[in-house]
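A.B. asks: Below is a structure I'd like to ask you about.
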Amino acid sequence: MSSENAKSINQSSGERESFKSSFGLLAAAIGSAVGLGNIWRFPYITGKYGGAAFILVYLICVAAIGIPIMLAEFLVGRQSKKDAINSFKELVPGSKWYISGVLGVLAAFMILAFYGVIAGWTLEYIVKSFGNQFAGLGAEEIGKMFSDFVTNPIRPVIWQVIFMAITGIVVATGVEKGIEKYSKLLVPLLLVIVIILDIRAVTLSGGKAGLDFLFKPDFSKITGEAILAALGHSFFSLSLGMGIMITYGSYIPKEEGLGKTSIKVAISDTLIALLAGIAIFPVVFAFGIAPNSGPGLVFITLPNVFAQMPGGYAFSILFFLLLGLAALTSTMSLLEVVVSYTIEKFNMDRKKAVAICTLLITVLGVFASLSNGPLSGEVFFGKNFFDFLDYLTANYFLTIAAFITSLFVGWKLDKKIIKNQLTNEGTINAGYMGIFKFMIKFIAPIAIIIVFLAGIGVI
Ligand code: PHE
């Protein structure tokens, strides 16, 4: 998760190195943001909440709330040079603001539990791709292949455990440095593959209905819950509300413009999500798949394209491989959040902390995985355990943590600090500062409260 040039994130004390190049910093932040959230989660919740109108709300959330919160996290990190919890303690000693960081650690724990399950699915699909198993199958058979797989009590769990073990090994041994170096290659490559899939998807006959679904808003579909889901997903996808961008902020060199960086990360992340939507929804309509198929959507739609496109064999391998790697850069960052907290809190050795955290998260994840099959049933507020974790973390934990961060930066943090951080001690122009202060002080917290109350049905 950290930059190849940065020290490992758990070192919250002592001299901090920083990102040497602005590209290294961008690649690291984008690497954390881009993951299953863009390609798996964004399309499936867009399908669930009805398409274009949801996307419009999502874009507003990213621009009006996501970017200011990201900027707020970056500046808290660069000012304090500390991690998610200690940065608050450093900036306002003796206060309770650090609770936002504690929520973030809890959120990371629960997100990683179900995220690891989906990441495991990508491994199964890499193997299926190598075995050319989609060739010659129709949409129905591909759908059945997916449901047979996820309801199987053993296979998804094995893949999940393998994926979590890989994540644990990476975080324990610090081979992140190697992985990050080549994750600079990974995100651009993923982008290229998605664009190729887009071209295939939009040229499918019957695909146009998919584009209409994505771009012709039907505002009658917008409910309070849909708006809360859009807001929660903007935090999820931008990796906000968990202190990850605080930690990155602590590594950003002082010459780097924080405003520009936030906008670049947000635009890249959003672009990849939209392109993933364009690759998926024309296929959904062309093949008569239900847009609200839920978490399986990408695994049910894209194999249909691979089965029918020239070079589909190679593309399917490459796509699922890249998706798995993009997931790995995100699981690493999630595990790192939990591990660095554990190390500090319990004064524990790093390897031991990794082993314990990975084990606990994996066990929770096994229940999430089984809730798609043998342990299914809508037992948690009308949802199975998997959907419950997914819904709870994005819509509640991240949203509340982001709310606290906006209050902290908007109302508590010394204005001089904000000014110094945004203008790099007065050396660059930050014409947007007035707007930023207004957004973080009023718009973000008020919007979050209203959306939150509407989403849980209070208003
Ligand atoms: N942003 C990542 C994604 O979209 C998920 C993630 C969330 C990673 C929070 C780290 C922290 O897949």
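Just so you know, glycine gets a Cβ as well, placed from its N, Cα and C.
Features from TrEMBL:
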TRANSMEM  21-40  transmembrane segment
TRANSMEM  52-76  transmembrane segment
TRANSMEM  97-118  transmembrane segment
TRANSMEM  157-175  transmembrane segment
TRANSMEM  187-206  transmembrane segment
TRANSMEM  226-251  transmembrane segment
TRANSMEM  271-293  transmembrane segment
TRANSMEM  313-341  transmembrane segment
TRANSMEM  353-371  transmembrane segment
TRANSMEM  391-411  transmembrane segment
TRANSMEM  438-458  transmembrane segment
A.B. asks: Should the transmembrane segment (313-341) and the transmembrane segment (21-40) be scored as in contact, given a threshold of at least 3 Cβ pairs under 8 Å and pairs 6 or more apart?
C.D. replies: yes
A.B. asks: Do at least three CB pairs under 8 A connect the transmembrane segment (52-76) and the transmembrane segment (97-118), leaving out pairs fewer than 6 apart in sequence?
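C.D. replies: As far as Cβ distances go (cut-off 8 Å, pairs 6 or more apart), the transmembrane segment (97-118) and the transmembrane segment (52-76) do not touch.
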A.B. asks: Top stretch among 21-40, 157-175, 226-251, 271-293 for CB pairs under 8 A with the transmembrane segment (391-411)?
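C.D. replies: Looking only at 21-40, 157-175, 226-251, 271-293, the most contacts with the transmembrane segment (391-411) come from 226-251.
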A.B. asks: Based on Cβ pairs under 8 Å, which of the stretches 21-40, 226-251, 271-293, 353-371 lies most in contact with the transmembrane segment (52-76)?
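C.D. replies: Checked against 21-40, 226-251, 271-293, 353-371; highest Cβ contact count belongs to 226-251.
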A.B. asks: Counting Cβ pairs under 8 Å that sit 6 or more residues apart, are there three or more between the transmembrane segment (353-371) and the transmembrane segment (157-175)?
C.D. replies: yes
A.B. asks: Do at least three C-beta pairs under 8 angstroms join the transmembrane segment (21-40) to the transmembrane segment (226-251), pairs 6 or more apart in sequence?
C.D. replies: yes
A.B. asks: By a Cβ-Cβ criterion of under 8 Å, what residues six or more beyond either terminus of the transmembrane segment (271-293) are in contact with it?
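C.D. replies: For the transmembrane segment (271-293), the far contacts come to 34, 37-39, 42-44, 46-48, 51, 55, 139, 143, 187, 190-191, 194-195, 197-198, 200-202, 204-211, 213-214, 237, 300-302, 304-305.
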A.B. asks: For the transmembrane segment (157-175), what are the same-chain contacts with Cβ under 8 Å, counting residues 6+ beyond its ends?
C.D. replies: 8, 116-117, 119-124, 324, 327-328, 331-332, 335-336, 339, 350-351, 354-355, 358, 361-362, 365-366, 369-370
A.B. asks: Do the transmembrane segment (226-251) and the transmembrane segment (187-206) come together with 3 or more C-beta pairs under 8 Å, pairs six or more apart in sequence?
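C.D. replies: Stretch pair does not touch.
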